[in-house]
């Protein structure tokens, strides 16, 4: 398919998409749901823009075909003037087509425009122009209120706010810790069962499926739907904190087991084979050939999950599952009693940020120590004239 | 062309990379620098285009003084001074042509390189450079898919796309096998002669230096201990540079005798 | 001569039960960890015991009658102390190094502290009561009996908006937030990494900004933006949610991608420097291609996270399926079948997105 035909095909596709989505704005579905109607309008608009762009490009392509030929001619003759004339002009490869790649990019663009329209933000669903104009002033006054709370010399009230926030944040840390411990204890066997090189297919497939299901449910839903009824709601003494801890623990299992199984699949197969060859049972293989290799990385994964859980636990309180979340969510914090106590909210945010960062630093240090051993973190000072740069030790690949 | 006047390089950790270097390199010369690891060969080369800032003395390339402090002047200088590396330093995930177009960075407007839409002239230059090194047929392959020798050719093409007056080569053939090394170096020598480019090359292999260079500079502990035309670089002189007697490895010959030049000193 | 050989063979090959150690080389002892550091660890455990004793709320006490006198100690701190000592003894006999033993001890102490802070034992002992009485059991049963009719055909309570429209807006929000957030995250990651940023001050500043953005949880962002926009807590539009998701995505992408950029091969960067490229050109030609695969896979991952997060954001009342979910959960005794249906659909959607992103990743990389 030559380039011209591809342009034509893309044009037809864009026009069809525009027309189709435009027709769908009158569909019965659009009657009942404004989201659908707006999304379709946006898609139609985006596709129309793309179609227009492709049309203009195609016309330009048609119009300049002679010019391009001349240009090619000029360049191929001008190279003689440099005193170098390759006799293998035909060796130049044809530029490989990136047609589908470009089309996919444009398609993502159209989807973006359609979704943006669908959220109703551009057309002002959910907020009026007045609100929008007042926004900067409101943001400014709120920020001033928050920083006043943080930077003032703590009086009686503010001292109470600081200590409440700290206690609540420590409760969050406790929730995150228990959640991580629960997740860690359960994730090791699950991870081993979900590792392709250790577990039989009959266990591997259901295990993977269960883990995906766990990963699909947000921890906040675990807390609200399952553990608050089971363990209680409200501050720590009422059982809300326990509900949060268990929610975090169970939802940790999903990610932790997946990462652990990947770490286990990545171990050097040599020792495993050697252990099997010398007649070790499966448990012995795991204990002496797999775990010694994978354990540092597993520890790092657990610690990383602790960091993630701290962040998650900070919001569980918004639903009555314990922790600092109850200070920023209704009815105590924002959207509780109006006017909001911005000074206290500012203090709460600062405490969240500070404790989270401190825990991150500690955990990061321990992780580094676990992975890289005792060696002090040293800046690689590459001396020129040395041998080829050697790759440093592999850092643990721990996504969130 | 390139003048070093009492040039010192002291690294931030106090290590003295270059110690009072005085050199004069003429236009169109092919200079090989030999010496043991850590003798300051790479530092010397990197000082020329400011990748390693020199701390004392005066260093001029052509008419311009190398000024490591002034970023924009340094960029202008670098656009005329190409550099080839031991590890090729190609971007593996993009095409060979785009790698060569990196050499056009200094003359391409920034917005063009940002969206990757290079002008026809730039592309023509890139193609001609690829033709010179003889791998134009791989222009749209990924750079990481090429062999070592081909990758180094891509690097040479990238440098040629800069239309350089000087080419610096930091151990250009150290990661290649001996026959490929000879071929790549031969190509570099040929192109350098055709276009009259000044070339400074770091070498580990003595025989390659003797075969291809006009002039050999020996370095030890950051100082120049030998400087003279290739014919003067006898074994005794080289042994003085290395501070030990030569062994088989230093003069290791290529496995492919048919490619070697007729005259070759043997130890 | 031959007997000598046989004897040697016997010593080397087959272990004789009554070996003669005098002739063979001394076998090395397994190295013992230093005793002093273990004494230090016991001190740490004792200090923790004292702290727990000091701060305990449960006043139950254990007695140990010894005839002439009776020793007593608070029940739970004592149990914790015994566990700590047990861990130390175990580490001693397995010849664990002092640092690892300290780590194990810290884990025990932290767990005790955290557990007592959230009333672990009290709560766990109540679970059985709750399961057998009240409506907890009905609720759990309701989850496994989802109301599909509700999911596909009914409207959001009190409005004329269909439930599937809420799903659509959730997807729309996720798409918009992913694209904008990942793009800004890419720019911030570039500016934050010392490899690609113009100078050290910029990189440090942006790094600090990134960690602040990352440490505020998504729900907190949503509440904050909702207040900024000036709507009421319940029933505002998608703007607050989209902005919150964008911040959430910026944090994740900037962190993960920053690590990839730090680890990028310095060779091509040096080469483009030597070719006279300026900073933007260098970042574009030498850094961006190297991190593109990780950027794409992080973006897909973030899209998946966004769908889950928008369910969580719903609890503070933003648009999307999360709002409906929290409304149904809030109906307490009636909505279990509906909640079950929404949860099942959520799981299905996330699994589908997971499959889709796996497919895209395989196609692209």
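A Cβ is built for glycine as well, from the same backbone N, Cα and C atoms used for every other residue.
Listed ranges C:142-166, C:167-191; the one TrEMBL annotates as transmembrane segment is C:167-191. Listed ranges C:193-211, C:212-230, C:269-287; the one TrEMBL annotates as transmembrane segment is C:212-230.
Only residues 6 or more beyond the boundaries of the transmembrane segment (C:236-257), in the same chain, are considered here, and those with a CB under 8 A from a CB of the stretch are 169, 172-174, 176-178, 180-182, 184-186, 188-189, 192, 210, 213-214, 216, 218-219, 221-222, 224-226, 229, 291, 294-295, 298-299, 302, 305-306, 309-310, 313, 317-320.
Away from its own ends, the transmembrane segment (C:212-230) comes close to residues 236, 239-241, 243-245, 247-248, 250-252, 254-255, 309, 312-313, 315-318 of its chain (Cβ-Cβ under 8 Å, at least six residues beyond either end).
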